[in-house]
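Record features, source Swiss-Prot:
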BINDING   330, 360, 472, 474  substrate binding site
DISULFID  397-417  disulfide bond
COMPBIAS  616-628  compositional bias 'Polar residues'
COMPBIAS  629-652  compositional bias 'Low complexity'
COMPBIAS  654-669  compositional bias 'Polar residues'
């Protein structure tokens, strides 16, 4: 069907109004995630007709949400009877900002009254996470002033990532009270109830917008454009030269050199970080020479575009041993915590040496959006790598551990990585992954491409009593896709392990595609309702280009990168061949259609230290809803080992329909 110029122009203007109004509403909604309870007060009547019109406007805005009453009550009580969505948002935003300040003061007061050290840490952790949510709100609100129609697709994708991260912040706040004394945890849970509901509502509205825009198939909405050389615009000329170099620091002098032998400017990483420029928009490179660095490192939110380059994952090692058993929250046990966006690490080892007996002990926690890890090693036992939130890419890395050693709520892709199972405590099971998606609309999940699952010799000696599984659902909508990966015989025929009873078995999203090895057979896999069989079209949506918009920010970083499907997948991509050399212990794979399924050898050897630049073509596609077939549920595999469990999420949330809500969009026509 064709439209005249006036109709088309009007239609585009309407899309813009819809988007701006909705996005602003979401910004307001997410601000509330810092734990604000909005003041309750009775407003003077402005006239029955005016009130009715305002109530209708609020109801239309709240139509797609799961917690509709919370949405409506919040806007009606603070909306000054306006029918303008923009004014509703501005009013609520101003009220929320004031309440954020009040809530921060209140949390500080509660913390000062606590005697239990774990409770005090949990409250301080909540305060930190609230601060992150508020910062993200402010940045997103400012960016709305730069809104352009052709950037609509990018805006919606980023907002879904941001709202997913906000949900992670809320959940992590409450998780910190596990094992605490007193009622501080229940107090915070009640304080955050409305905020949590409003955040899920915000994600519902943005998801509705994404579905609507996707249906329209409007040309010109693929927004993020690479420069002619194939680099994102934020990578400056010096950074491009550095990241292209065969040896990452051979022809470009790093900004800072850390060396324990005194040959650099600083002997510790933390000393060096004091001199990293704040809120920098260009790359800042820290070369960390060989050595065992026993220190706890935090790349805070002001350290964006930071690059760590080591001398090899077995030579440059950052080591710690904080753990849950010694009274520290899981979130705070990380040896290295990375919050600043656009972080890159190459040729570095990270470890937590607390041991299996100390339970949760994180080596690295990653909250950095568009972060990259190449030729790195993450060693630990339980909860080794905490991929907390945002978009992350891991290439040629090794992750070792015992229980849930790869967990979190990030949208993370792992290419050509080794997942190395270690010996746990006697008779403990070893589920490898535990993804923590709380809402089905979150654009998060784990994707493994061309990886290898292997076991250390000590584990192989006890594999009959310490059974390994691909993963288990940490949260109700846990999502993990494993494709073109070598699965050994010690992975149980059931494949997946339940968390507790039937928790999440109907709502999780697990799929296995074109895997190899003696443990890859699907005949005896669990048949929970959440186990998915993906079509060829669906599989493409979980490749890096589409799933984490990787074509926008990974190419040109000196990191091997396969944009689409690997060889051996149905309809394997042919756009971007991976020209990198294979890491020792792995088979080379390319994007060549028609090749046999890859079967990388099970050696966990590290990849070469040299950085390799890649050719790149292609553009990112927006994430879209995926329809999958599901099988019937059967009895669960053997019971999960005893471990601190997560509270069951609230009532099930229906997956957003691809059909737009008529009442929601009618108010903008």
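Note that Cβ sites are derived from N, Cα and C of the backbone, with glycine treated the same way.
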Find the one among the binding-site residues 330, 360, 472, 474 whose C-alpha lies closest to that of residue 417 (disulfide bond).
472
Determine the minimum-neighbour residue: among 330, 360, listed as binding-site residues, which Cβ has the fewest other Cβ atoms within 10 angstroms?
330
When the number of other CB atoms within 10 A of each residue's CB is tallied over all shown chains, which of the disulfide-bonded residues 397, 417 has the maximum?
417
Does DSSP put residue 472 (substrate binding site) in a helix, in a strand, or in coil?
coil
Sorry to bug you, but what's the C-alpha spacing from residue 397 (disulfide bond) to residue 360 (substrate binding site), rounded to the closest Å?
21
Tell me the Cα distance separating residue 397 (disulfide bond) from residue 474 (substrate binding site), rounded to the nearest angstrom.
23
Densest Cβ neighbourhood among 472, 474 (binding-site residues), 10 Å radius:
472
Per the record, substrate is bound by 330, 360, 472, 474: how many Å separate the farthest pair of Cα atoms?
18
C-alpha of residue 330 (substrate binding site) to C-alpha of residue 397 (disulfide bond): distance in Å?
23
